[in-house]
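> Annotation comment: TrEMBL describes A:R356 as substrate binding site. As annotated by TrEMBL, domain 'Aminotransferase class V' applies to A:44-346. What TrEMBL records for A:K209 is N6-(pyridoxal phosphate)lysine.
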Number of protein chains: 2
Amino acid sequence: MVTTTGISDRYRIETKQLDMPPRLLLGPGPANVNPRVLSAMSISPVGHLDPTYLALMDEIRDLLRYAWQTENELTISVSGTGTAAMEATLANAVEPGDVVLVGVKGYFGNRLVDMAGRYGGDVRTMTKPWGQVFSLEEIKTNLENHKPAILALVHAETSTGACQPLEGVADLCHQHGCLLIVDTVTSLGGVPLYIDEWGIDLAYSCSQKGLGCPPGASPFTMSSRAVEKLNNRPKPVPNWYLDMTLLAKYWGEQRVYHHTAPINSNYALRESLRIVAEEGLEQRWNRHQQNAEMLWSGLAELGLSCHVDREHRLPTLTTVRIPDGVDGKAIARKLLTEYNIEIAGGLGELGGKVWRIGLMGYNSRPENVLLLLDALEKVIK
Amino acid sequence: MVTTTGISDRYRIETKQLDMPPRLLLGPGPANVNPRVLSAMSISPVGHLDPTYLALMDEIRDLLRYAWQTENELTISVSGTGTAAMEATLANAVEPGDVVLVGVKGYFGNRLVDMAGRYGGDVRTMTKPWGQVFSLEEIKTNLENHKPAILALVHAETSTGACQPLEGVADLCHQHGCLLIVDTVTSLGGVPLYIDEWGIDLAYSCSQKGLGCPPGASPFTMSSRAVEKLNNRPKPVPNWYLDMTLLAKYWGEQRVYHHTAPINSNYALRESLRIVAEEGLEQRWNRHQQNAEMLWSGLAELGLSCHVDREHRLPTLTTVRIPDGVDGKAIARKLLTEYNIEIAGGLGELGGKVWRIGLMGYNSRPENVLLLLDALEKVIK
């Protein structure tokens, strides 16, 4: 018997069996997931050094390479949610004193600024009104002015619904000896994206949007150019959990223990990536585009307008202007409480001005568009 | 239609339906989990700002307070595995230049040294042979010599199986104006542990050992004394994802969005903590102790000896000396391939010298002890 005197029962609270409401998640993520993914997630865990788990890690790496269209050796899932993968990117790319140029045209650009600063970057910004994107000419001018070691851009701004064109950007960066970081949190699995063809050096994403998986294990990839910078650091990465010099030894052939991975989250991620490979990127990107266009037409019929120009509108995330005199929060609350449908309000500068509607991964289906438009019409009236 | 030219199918690999082997996980974790936990984990996710999810966060906080025996306001689950919670502890506690005294008597003491150094700590160590623990007198002397701002100790060393007595340590620390960090990764939920009564200022743990949950969301707690130090920092915490000044606003009444939490991992964590509360700490700690004693007796009958003195032996993790002339790795491999039982070898200094056998959470059951002893006898012969 062990000594157990003095145990307090103050927080030994009684709780009910978990019974979450059947939400249709049409906000900026998480989105609902294919039941196959939840089924894989609930398989009993094996050890993080079990040969069967190591084989699964290899499959995740390859399937991520397909989804991202890259041959990068260092393509892994980070053991945390998308923000952890974002932090991993900055922690491993930014060295103290590096000039880091960040394109800010929404909330997540600002987050890049904050994080890059915490890793000692000499952070410069170029800005655009929220909902717009940078032209190649603007990027060129800023690269020439700031001569950064790193340019960080958000491909799909989850706060604005705008898609930043990336073709040609890396060529400019590499001419200036600069690495290109791209946030693909709301594009991977839903929007055309070619890591290698576009020359992107570091990218991160999440599992719970275009990939159609619960949050918990998050895609990360790094080119050999970025690995070279990492290997030449005079001091260790100032973040042990996300240090890619250590993680590369666990994901690579050496299989050196680093930390206990979120086993079940990786079961789920594998299944969601498997579904991406079965469907194929071409069909998947077209499906997202078609369902988004169906949404945009329906919104127009309701007299609602989109915040982003058609040309740069993301199929995964649509920002809809809240009409004058309408209480946007009340509408979203009604959708949730009366119809179990989640949409989100604006973030930061767009707070109170837009709703954010996501059609991502498994949720990008015509029946969800129909239901949302119908419910929206009812609650707005 | 979107432009989809140039998609490469090189990594569009064909994979089979996920079919993991039915392992009995008797290593240092992860351990198997109650089916109730897997069932909760596979419930469809809701949003991270859904009122029902916010209520679940409150339940997790209270149930963690019970498991840890603390009233700390800042008691949360970190969105990553145990090492993320460890990193969160050091990132938020250690300021550049702080003298950090670390008790090193195993692998995870060394990890504390590495991490504390990355956050700018002036790291000092006190050491003991792996498998032993520090006396109160030794701790007192080292506190007087080093005058640290922080003392970090591992309660349950997963690499050695030794349990560090903690009563009286915090009093010494606080007399010297020093905070006490304790690693409770292999003790929470299996070994007597009283955060408040023992005066511990910061503690972290994992979900996949004594709590009986898959890895993915990890316990963290911080006393008001530690929060005060955090709030007096002149500069932001150099880790955005794990910055408790931001996380406190998401877990607290303000509910400010920080990152998308691993929703399903927290469903699972809640269920595992609920099971802890149902069983009660007294019964749970006694169960772990009794099954460990059954294991120790059985090992002695097989002629095997434990590495740690009886007095300081952990019930959750036992290190067994590999007899001379026995290939420890081969034995572990045979247990895995012939009987689907996972045990682990030694880490670091104890590599090749011991096996590590875990009886944790749901797996601490007499039938598992019987089966392991029987299988071990067969493969050793």
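Quick reminder: no glycine exception, Cβ is built from N, Cα and C everywhere.
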> Under 8 Å between C-beta atoms and at least six apart in sequence, can you list the same-chain neighbours of the residue listed as 'substrate binding site', or say none if there are none?
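Result: A:G27, A:P28, A:T158, A:S159, A:G161, A:L317, A:T318, A:T319, A:V320, A:I343, A:A344, A:G345, A:G346, A:L347.
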> Secondary structure at A:K209 (N6-(pyridoxal phosphate)lysine) (DSSP, helix/strand/coil)?
coil
> Counting only residues 6+ apart in the same chain, whose Cβ is under 8 Å from the Cβ of A:K209 (N6-(pyridoxal phosphate)lysine)?
A:P28, A:G29, A:P30, A:A31, A:V185, A:T186, A:L188, A:G189, A:G190, A:T316, A:G358, A:M360, A:G361
> If you run the three-state DSSP split on A:R356 (substrate binding site), which class comes out?
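Going by the DSSP assignment, A:R356 (substrate binding site) falls within a strand, counted as strand.
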> Over the span of the domain 'Aminotransferase class V' (A:44-346), how high is the average pLDDT in this prediction?
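Looking only at the domain 'Aminotransferase class V' (A:44-346), pLDDT averages out to 98.
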